[in-house]
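Have a look at the structure below before the remarks.
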């Protein structure tokens, strides 16, 4: 009886301890939401005061200006930075009320407004309000990654990227929402909630730069900074009808690792990895991306961070009109995309050919191998332990539970599963898309070999590219926008974007069309690869998308961001003419 009483008492103590821990987590989350809501209310008051002082502001006219035209108006003085800032603040308030895209306003934007007027020279982004993704470091603000453990310590200094933006006259004014741990292409976390697509509130804006996608697509920002380690700039751009560029990872500096040590423990973009994270711009047109790259690739960037190669933006390459030799494919053979995305590639191919460019069929080699052996095993090399650690003392977002549960499978069970499933290897390569997530942890020797395999694959891919004498490649991107909740069920449907993270090639997304009734009819006949549960889930995810954007992906070789953007501009021009 005494032993039973002790056991019951211990069990009760554990239950109480867990309850207290969970209550503490809930309190932290409530406090974070309260702080955000108070910031929103304060900003709404400031905007209201401005509207009362200057009632004649033509809001719609300002919001409709493309970035290049807006910068011209600000440089010549026909528009004031104050008017532009408060116009975008007002619109951002409206968009986040509808979509929950903001994590926090940056009240210091008013100080930066004063600061740019004291600068001796007007920078390339003079007076331009810029939104930044949650984990891009801004002094005095949190870098949360949607995790409770990161709600305590504000960043001590601006990241290099933010410093350069400010030196070019930009005004960072908002930080945008992200999925928990950044490892999802939906956009929700237990702290700040689900972000919705402004074009259709049943749909996801994509992720992990989903808050940026929603804010820019809702016209609450004209230029945003995202990051991309598997498609996190390109997928929100595809889902929200924006242009987005993932540069070669080392071309821009993202975040100072010494500034936010707590974020470093959870931020997958800060970990040393053979598949590097890239930071890049998101906007409503390609010229905006080019201007942002030109502004960032400046002497200030190269001085602040000597690890960034001092390669200024090459305007001559971007402005060229020489015909291009374009490789193209409409499927990578790993995860068949919806009919409208393949249609977009073929229509763009035809438009490019009619415009005088050479189009050459191209087939990316061994995508099944890349996806299972190179990409997923990069992130789950330790059996997922490091990723699981970020959820310690946290509540797991429902959209991540399947991945988290998969990683929690005991090591012995993983080994047994690997043995049992080995005879079915071919079928698994075809359709068991999360096979890599149950891999057991590997030795240092195996990790070195893994790095070598990635280099071998890059060499093979470039050799095939050179053999065909390609300038650029046109290919599909995942889309149209998924219904919320579905991205977590189809983690590896991102093979179309993931490939160019493994290769570390610059890649961008351009909207070229919209989903039609005919596309929706064709979707009903979609069988994918085998008409299996994954194919049927994809079909459900993209259904009901008539009128939503359809995009293509444009790719160049490493360090050729200007050529990639020039190709994107050509695609954009032809699609608008059509």
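Even glycines carry a Cβ here, placed using N, Cα and C.
Just so you know, TrEMBL annotations never went through curation; they're auto-generated.
It should be emphasised that the depicted structure is a prediction, and the values quoted were computed from it without experimental measurement.
Annotation comment: TrEMBL describes 84-565 as domain 'Amidase'.
According to TrEMBL, the active site, charge relay system annotation covers 133 (among others). Of all Cβ atoms in the protein chains displayed, 30 besides its own lie within 10 Å of the Cβ of residue 133 (active site, charge relay system).
According to TrEMBL, the feature substrate binding site maps to 182, 208, 229, 230, 231, 232.
Per TrEMBL, active site, charge relay system is recorded for 208 (among others). Within its own chain, residue 208 (substrate binding site) has 133, 178, 179, 182, 183, 184, 185, 187, 226, 227, 232 as residues 6 or more apart in sequence whose C-beta sits under 8 angstroms from its own.
Summarising the annotation, TrEMBL assigns active site, acyl-ester intermediate to 232.
Here the domain 'Amidase' (84-565) has a mean pLDDT of 90 out of 100. Counting only same-chain residues six or more apart in sequence, the Cβ atoms lying under 8 angstroms from the Cβ of residue 231 (substrate binding site) belong to 185, 477, 478, 494, 496, 497, 498, 501.
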